[in-house]
Structure formats: structure tokens, C-alpha cells
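Colleague: Before I ask anything, let me first share the structure, which is written out below as C-alpha cells.
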């Protein structure tokens, strides 16, 4: 390009860049100028703003319309909505052909492919952009795409998830004040948590990353996906109050997205049913319950009764049989509980498998079992022993509803002894996390 021509083009590109930046600022900072009640209009308002911006850009472009930078900015403007735009794909494809080093065009084209559902093509764009220039946007996008790539084996998927965490960490390192990088790091930890057997340390890392996203970027608090993903983690961690709050907030921020409202409703229905069954001890008649409890035998403790139980620390310990009512919150080391199943309850997600346990002391506690295969379960009348039980006390208030109950969390069915028998490895499975396939 000649020097004079370059001088002529520069102010035009600058003006186009300003218009596109304003458009994205309108979308990303929508709730700074609108109330949450306007959330249902957001997509419509962004669409109108996009049309207005494209018209203004057309007036500015003039003779430079075929230049790669102009094609990229026009494609980026068209790409502001959550929907796939064939026109954006066409313009951005031309831009990268004309100027292969134009990293922002590769990033935008990758997002277009992502919206189109072509995850492999999106992956190629983001990886390609990084070969030209290491940048946080490509790293962020690569992190989220890696978690969605089709894989043939569980190992391959785990490898992609680990790689996703690495890319997100690199993005954070490039700019610790970028809320999107922290949010995507939180999502990659969320996937890692579900693909590697629910390590509490990883869930803490996910929650910390989400908190950091909100701390460094005020826009993060208006991101419905952040609230839904964090609520999913809270639900799995049995922090039900925080989970309900998160689902409710996500629903308010994106009323057209049905999932948060459904998840909130499902959790409320689960808590309604659970507390009702706990209060009525599964509606088992008093006489029948006495007969069930009268049939409990020391033999039902199985391997928990012979001093050969191996604790989490790997040491052989002798367990002491304790009534449910004497348990303390947290892990009760050196103790074992034994009771009868009076009801069972499954949710839409099938995890956890929840049942009510009663012992001769009287109270009914919920037992939540994680990492189960779908076919696993216990029946009413089964005797269940739980070594070193982990007790949770729940006090939940949400939208005028109050719930209060005690539960025992069991990370795997392998820890349970049912009717005197330990559970085989075929009873254990790994949980997975589902997310909507869109740019984060």
C-alpha cells in the first residue's frame, strides 16, 4: 500500500473500529444501562444495534471496502449475536485469505464455526491464530473448544480437558485482569472436576476462578452461563441454597433460556419430595418399621465389623457402631452406621442416588450416593452400613420456602455395605457435565 493511500485508509479503519467496539460494549455492558427486567429484550436490542452499526459502517467505508481489515470488522459486527451468520463466515473467510496474519479475523471465524456447530473447524482457526501470534482470545477460545471436541475414548476426552485447563491458565497469565479468561478457567476446572472423580480441591479452584472473574470484570456478574455453571457445582457439592440462587439469577439474566428455570424447579421439587419423605420416614407404617429395624443384625456390617476396614488414610481400623443421632457434622472417623432403607429417590440427572436411612434410635437421614452406574440402587428394607460417614446439616431458604434436614454424603457406592455385602466395582461410574454448545 502506498504511503498516501495508507494515510487515507487509517482514519476510516479507526472509525470502523470505534463503531464495532461501541456495538460490543452495548452488548457486554447491557445491564449497566438496563435493568434485569429488560433481559428478555436484550437479543432484540443487540440485533437493532448491529443493524444500525452496519449502516453507519457502510457510510464510512467508501473505496476501502475490499480490504482485509474492513472485511474482518464487518464480519465481527455481524458476529455480535449468538446466532450463526453465513454472511459473517463469508467475509471473515475472505479476510483471512487476503491477510493470513490477521489474528482477530481467525478468532472471529473460529467463533462463527463454533456457532455453526463445526467444532473441528473452530479448533483449526484458534490453533492457526496462535501460530501467527500468541494472544489471550485464541487461548480462551481454544480452551473452550477442546472440551467440546468429539473423542473416541474417555482417556482422549480427559486429555482434552487437561489441555483446556492449560490453555485457560495461559490466557489468565497473559492478562490477569481479563474476566473472560478467569470465567473460562472456571469452566475448564468444572469439566476437570466431573471427568476426574470429583476432587474437592478442583471444585474449589473452579469457584475461585468464577469469583475472580466477577472481581476483575463487572460484566461477569451479568453472565447467565457463569451463574448456571457455578450453580451446577454448588448443587453437586450439596450447597443447595447457593445452587438455587445461581439458577434463579441465570434465569433472570436470560429469560429466553429455559434451562436455568427448569433446573431451579427440579431442585425445589427434589427438596420438597425429600423433606416430605424424611419427615414421614418414607410413609412406612410404624409396625412394619419396627419389624424392619428388629431384623438388623451385626452380620449386616460385613467387612466393617471385623477390624479390617481400610480407612481413607490406608490404615486398617476397628470401627465403632454409632447411632445416626450421635453423628457430628463432617467425616466421623472410626465410626460406622447401620440402618434400614425406608425410601429411595432419583432425580432427572440420576445423580445422586438418594435414599432414606433409619436406625433403631429413631431419626431418618438422607443418604446421597455419587458416581453410580444407572442400574445401581438399594431397595426398601435393605440393610445398609456406611463406614466413616460424612454428615451434612442443611438449612435452606429460597423464595419463601424453608428446608431443614440431615444427610450423609457417600462419594462412591464402593464405600457401602448392603445386606452384609460390599459393592463391586461395576456399581461405580463417573459423572459428566453437560453445557450448551456456544461461545463462552
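Here the Cβ of each residue, glycine as well, is placed from N, Cα and C on the backbone.
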Colleague: Looking at 1-12, 13-24, which one is motif 'Nuclear export signal' according to Swiss-Prot?
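Modeller: Feature motif 'Nuclear export signal' in Swiss-Prot: residues 13-24.
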Colleague: 203, 221: which of these modified residues has the sparsest Cβ neighbourhood within 10 Å?
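Modeller: Relative to the other modified residues in 203, 221, 221 has the fewest Cβ atoms within 10 Å.
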Colleague: Is the repeat 'TPR 4' (136-174) packed against any residues at least 6 beyond its ends, judged by a Cβ distance under 8 Å, and which are they?
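Modeller: For the repeat 'TPR 4' (136-174), the sequence-distant neighbours (Cβ-Cβ under 8 Å, at least 6 residues beyond its ends) are 103-104, 106-107, 110-111, 114, 119-120, 122-123, 126-127, 129-130, 180-182, 184-185, 187-189, 191-192, 195-196, 430, 435, 437, 439-440.
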Colleague: In whole Å, how far does the CA atom of residue 203 (phosphoserine) lie from that of residue 221 (phosphoserine)?
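Modeller: Counting only the Cα atoms, the answer is 19 Å.
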Colleague: In terms of Cβ proximity under 8 Å, which residues at least six beyond the ends of the repeat 'TPR 3' (103-130) contact it?
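Modeller: For the repeat 'TPR 3' (103-130), the far contacts come to 68, 71-72, 75-76, 79, 82-85, 88-89, 92-93, 95-96, 137-139, 141-142, 145-146, 148-150, 437-439.
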